[in-house]
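Here's what Swiss-Prot has on this protein:
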- 8-37, 301-311: FAD binding site (BINDING)
């Protein structure tokens, strides 16, 4: 008789989306099984840029300190260099990831965390371990074969790749986080827009001590312009730091029309030595793989009881470093909703807001990452590469900028402008931090639309419903230690911020608990309260007066705001929470299932 295992949620894939979904669901008390058809997590670095929003999620899980043990800090990320080779001449640099003194305050002001470089092969085990420690059942060598769903759940067919036996997992919900070639997406036939395989890239993982070439200009990425560097891939050669300064990933392109080439170790060594510019450097090739640049996103992320997340639904090049970040943020949006539906405090209609909120983000990041590819050709154009008919002519065109005279001066100007034009590739802080949601799980307050300085380049704090709760430091009244407003919310719970005149909101939160069974943590900020606003930053950024309130969802997004105390605070808050949870008609009473409370 075939084995059947029961669980609340089955997650397919242990990449950033799947591993974070497993960790979050387990933390929220949901019975979860996490599977991977391979024998361990990602063996190669893959994604690596880890932005502040993602670090906030790791912080919410209590994993920030562990993540930083394996990450290169922000200070080592910023001297992005464009050069002929690491040992050769430079064409220019651009300060990146907020390391420019003119941008650092923007980054420091918006989050209690800083971004870092955390390769995927170090990140995934942290998340998987967290999931397992919180009770998630983790199985490797377990392949997803297909599923059938009905009104009560999902039956997924799996294969144990160690013994070849097939078995069934019966779950309330299924999450497909199985990458850009997602079988779950294919089974659901989710609508996809865009193009796959636009160009081809070669990844060469290698060890080499390159300290003397890079330690004085620390960066994550070194962009190398050489003959052939404009063919396929990203349109430019790359040497990426994996571990400073002895583990690296070289990226070179290939013509996708001709298919991936056969890459011998000697060929790989030649590419790497050319990028370094010094054949005498000892090196060890540790891995060779190919991949393609994609431009595709799903317009619907779910069907019935099955959801898809991560690269399965947004497939794009690594420019802007959005891949693993967006994947983890997908799971942060979805996990609390599933948990609250399973424990009976939310209606299943809440789950529909996953697509409503995250599909626009999927489109945004795919479009931004592909648009960023267009920012590199002007550098090659300024150096005269496309015009050259031979390697010698290419070198001559590049050298011309070192001459005196108006022609060379014009070339230098074009080059500086072209390099500066990559600013939206590296410092698009708004793309990372300005995500806004508009769905039934957000109670609009009819405030005017925000006017952004530059929605892609600069973070803009707001407590307008749908925006992420802003970070400011407040101070514990007992010992005076600072704590972020972000640290006062999350952890799978709703949080209500108010001022010293908002004591009535405590009664309102109690009414929500009494009538809806949902706990709301109340944070009163003000003199003599548990948390004080010594610098006035909370008063400045909250956009409410002392009697108003800001309701924050478990995923840090503002769900409801009252700029002042309404006549019936309890009635208003209960009504808002009913809408957020989809319980206007109280249909959820029929949906209660056995699960540990969130």
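These residue numbers are counts, starting from 1, taken along the chain as shown.
Positions of Cβ are set from backbone N, Cα and C atoms, glycine also.
The structure displayed is predicted, hence computed values, not measured ones.
Locations of recorded Swiss-Prot features on the structure.
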{"residue": "8", "record": "FAD binding site", "Cβ neighbours (10 Å)": "22"}
{"residue": "14", "record": "FAD binding site", "Cβ neighbours (10 Å)": "29"}
{"residue": "20", "record": "FAD binding site", "Cβ neighbours (10 Å)": "36"}
{"residue": "26", "record": "FAD binding site", "Cβ neighbours (10 Å)": "24"}
{"residue": "32", "record": "FAD binding site", "Cβ neighbours (10 Å)": "30"}
{"residue": "301", "record": "FAD binding site", "Cβ neighbours (10 Å)": "28"}
{"residue": "307", "record": "FAD binding site", "Cβ neighbours (10 Å)": "29"}
Assigned element (helix, strand, coil) containing residue 32 (FAD binding site), judged by DSSP:
strand
For residue 14 (FAD binding site), what is the secondary structure state per DSSP, taken as helix, strand or coil?
coil
